[in-house]
Amino acid sequence: MAPQLLLCLILTFLWSVPEAESNVFLKSKVANRFLQRTKRSNSLFEEIRPGNIERECIEEKCSKEEAREVFEDNEKTETFWNVYVDGDQCSSNPCHYHGTCKDGIGSYTCTCLPNYEGKNCEKVLFKSCRAFNGNCWHFCKRVQSETQCSCAESYRLGVDGHSCVAEGDFSCGRNIKARNKREASLPDFVQSQKATLLKKSDNPSPDIRIVNGMDSKLGECPWQAVLINEKGEVFCGGTILSPIHVLTAAHCINQTKSVSVIVGEIDISRKETRRLLSVDKIYVHTKFVPPNYYYGHQNFDRVAYDYDIAIIRMKTPIQFSENVVPACLPTADFANEVLMKQDSGIVSGFGRIRFKEPTSNTLKVITVPYVDRHTCMLSSDFRITQNMFCAGYDTLPQDACEGDSGGPHITAYGDTHFITGIVSWGEGCARKGKYGVYTKVSRFIPWIKKIMSLK
């Protein structure tokens, strides 16, 4: 009887095992609904192993104390824990103007650079003229611990203390008929290769002319002046500074017996309609260094054309209009720290459109990028003094060649245009790695103001 009873019990057990398995073991997705995974107990040997963040907190859910045991450093633990709990709040880079982000639980903290504040460092504190020019439209200077704005001549400071309001219809630096941004922007010139390449020659030639520039619109460069010799020919350019003052290059002055000036023209082919303005006096900088010998001569002066600046005083005032407006004269600090740190400037003139061809009858205009001083000096066989700077392109197959010396290099800041350079000299035409060289106007602001104040 006993063997039969034992057999029955064994058969009953074997029959019940599949049923038990189907009732106890569930799929993981279903089990997770009501089963919460708990930390497994460490084995005897695991307790004495060094802490491992992957084992403690990635493979399993850990506590902050367990994370601290791994890092053994409170700051590192806090950094890890803030991300571990709810993700990295700094992943979207919420701090503006290069502020530093520190993650928190459900929040973040921005540490701002000097002159910035706000939750995201979004507010600029204009306590320095180096930060966005102190929010000034024109000139900025530091007074005690604050910035103070001022404006160019013929403008007044706005009630907000930052803006500059024109006091007349023909305030300096305003070109009412400016080229639209698409045409005038530097990237378009570069990509379409419409811009002229300003380069230098085998010998430093003062006769730099704009080659392959775009035709200027009437009123686009209203500060442009043209110097005419006794034969009625264009020989140099200039920049209108006031009703009786025109800025030009010193080396232009000894090229002719007499000088007349034309303003407000973009086409000088019709000599019978153009109006010649008479000159009263010409002031050449006393330190100007003319070339005394031809290039290649053993005594050739490699600092020729230093102090290449002159001012023409008119007999009768220039009449301003939409097409005749002076360029604004900057302060030295504004020119050096703001204007010449822009991407590019604007050059215009009636120069030759091709090497050794006649001068252009129509005004040409180009945009040229500033070139850093180190690159400028390395590119030249001649000395680039502190009174000079370079601008132009080093690879595009356009060039400036033979001509419009004395003409304006203008830099826009907002809607106002300031004189920053005078076309001075160059080394050849279309030579790779060469640039146009300009007289640096910021070096001569006191001299210019002194000459303009003379009666």
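The backbone N, Cα and C atoms fix where each Cβ goes, and this holds for glycine too.
Among the candidates E46, E122, E183, E272, the residue that Swiss-Prot annotates as 4-carboxyglutamate is E46. Swiss-Prot names the disulfide partner of C129 among C112, C121, C140 as C140.
Which of C136, C164 pairs with C149 is settled by Swiss-Prot: its disulfide partner is C136.
Per Swiss-Prot, the annotated 4-carboxyglutamate among residues E65, E78, E146 corresponds to E65. Checked against Swiss-Prot, the residues S43, S92, S145 yield a single entry marked O-linked glycosylation site: S92. Among E59, E402, the residue that Swiss-Prot annotates as 4-carboxyglutamate is E59. The record in Swiss-Prot lists a disulphide bond between C90 and one of C101, C110, namely C101. Same-chain residues lying 6+ beyond the ends of the domain 'EGF-like 1' (86-121) with a Cβ under 8 Å from its Cβ atoms: 79, 127-128, 131.
Around the Cβ of C149 (disulfide bond), the same chain contributes G134, N135, C136, W137, H138, F139, C140, L157, G161, H162, C164, each under 8 angstroms and 6 or more positions distant in sequence. Same-chain residues lying 6 or more positions outside the domain 'EGF-like 2' (129-164) and placing a CB less than 8 Å from one of its CB atoms are 115, 171-173, 328-331, 333-334, 337-338, 413-414, 416, 418. Same-chain residues at least 6 positions away in sequence with a Cβ under 8 Å from that of C90 (disulfide bond) are, in sequence order, C101, K102, D103, Y108. Helix, strand and coil residue tallies for the domain 'EGF-like 1' (86-121), in that order: 1 helix, 10 strand, 25 coil [DSSP]. Close to C236 (disulfide bond) in the fold, though at least 6 residues off in sequence, lie L227, T248, A249, C252, Q255, D404, S405, G406, G407, each with a CB less than 8 Å from its CB.
Under DSSP, residues within the domain 'EGF-like 2' (129-164) fall into helix, strand and coil as 4 helix, 14 strand, 18 coil.
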